[in-house]
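To keep things clear, I will list the structure first and then write my remarks on it.
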Amino acid sequence: MCDVVLGSQWGDEGKGKLVDLLCDDIDVCARCQGGNNAGHTIVVGKVKYDFHMLPSGLVNPKCQNLVGSGVVIHVPSFFAELENLEAKGLDCRDRLFVSSRAHLVFDFHQRTDKLKEAELSTNKKSIGTTGKGIGPTYSTKASRSGIRVHHLVNPDPEAWEDFKTRYMRLVESRQKRYGEFEYDPKEELARFEKYREALRPFVVDSVNFMHEAIAANKKILVEGANALMLDIDFGTYPYVTSSSTGIGGVLTGLGIPPRTIRNVYGVVKAYTTRVGEGPFPTEQLNKVGETLQDVGAEYGVTTGRKRRCGWLDLVVLKYSNSINGYTSLNITKLDVLDKFKEIEVGVAYKLNGKELPSFPEDLIDLAKVEVVYKKFPGWEQDITGIKKYDDLPENAKNYLKFIEDYLQVPIQWVGTGPARDSMLEKKI
């Protein structure tokens, strides 16, 4: 059976820390979607490991790790990340596998990603992408012109000729769209001829890989990237990523049926953050937002960009839960709220004076909503490193209890500090 870790807000909730905790007792860790446009750090002992595309289960020497079909792979970044982990002493090559059906991200995808973003920014319609080529790659995938891993690693000489033809067709279409941008396709092709041999040992039929693991009753952890509110279908479109970041992406990205899912863990930051453009109803463009940003060290791992900050939004979380069906929650960074005398939580939206029954899909409406807040007294004491739920201040427990009651989902873990072991588990 599979347990799944998913982001419930706009990303950066701290999924990696929960995955790190759960990785100690699993046999397989799988990434199902996204690319190297996300990132987190795992600390083992005194060593920090940075993950962007590769599964976090690599830190467990007994765990096999899969980059699934729904992931898009920038091969140079794949090897750079792997080599960085190995340089820090992690022996993981024999435990890392890549789906033959995953699509490839090329340098021209990254180049066109930045050109498109610059084009949009002139009209003040920038999405705020990471520039990693993720969107353009999913675009070629959807238009059925993309190139998959098996196209690259197939040892048949005809396959390499087919790869080059597909590649040049994609390059030429981008040149027609954007002109003669600074790019050397011959140089990239020469690199990929070498990657063809280097990547081949990692490649597997991921559907067969997953179903063999399930049949063998292996403990499987699926590591979601990004978060529900960035989902291509259910997020704040068009200010979203280009993949299915919810529970649906787990199934389609790994080729597994719904009945194989056991637990869905929703990771919830104790307040709300967002990177890049897009609506953010509870954003605090004031001292509150600045304090959350400073105390919470809210800067992106992948881009280094400052994260926008605001109060917890339970309207967003209720919507997120309705789609992903969380079996329990991990509330992260509760300690960031330690010094607030008063804490607010968004509990409803009003539009034109009327309370909305659900999260609005139209951004014009979303930009006009009035957030209804509930106020809580803060606990104004340091909770860093607390290991038992009962040892939390009463006001902190009241805050958490309200979240549970509102969402009707139990809280199983609470983050009480940045350290690896600053996570308490609550009986549910």
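Placement of Cβ uses the backbone N, Cα and C atoms for every residue, glycine included.
The record from Swiss-Prot ties Asp12, Glu13, Gly14, Lys15, Asn37, Ala38, Gly39, His40, Arg144, Asn226, Thr241, Arg305 to IMP, and of the options Thr130, Thr252, Thr291 it ties Thr130 to that site too. Ranking the binding-site residues Gly39, Thr130, Gly304, Arg305 by the distance of their Cα atoms from the Cα of Thr416 (GTP binding site) places Gly39 first. For Asp12 (Mg(2+) binding site) paired with Gly304 (substrate binding site), the C-alpha to C-alpha distance reads 12 Å. When the neighbouring Cβ atoms lying within 10 Å are counted for each of the binding-site residues (Gly14, Gly39, Gly304), the highest count belongs to Gly14.
Neighbour counts of Cβ atoms within 10 Å were taken for the recorded positions Lys17, His40, Lys306; the minimum is at Lys306. Within 10 Å of Gly39 (Mg(2+) binding site), counting C-alpha to C-alpha distances, fall the following of the binding-site residues Lys17, Thr130, Asn226, Lys306: Asn226. Considering other CB atoms within 10 Å as the measure, the emptiest surroundings among the binding-site residues Asn37, Thr130 are those of Thr130.
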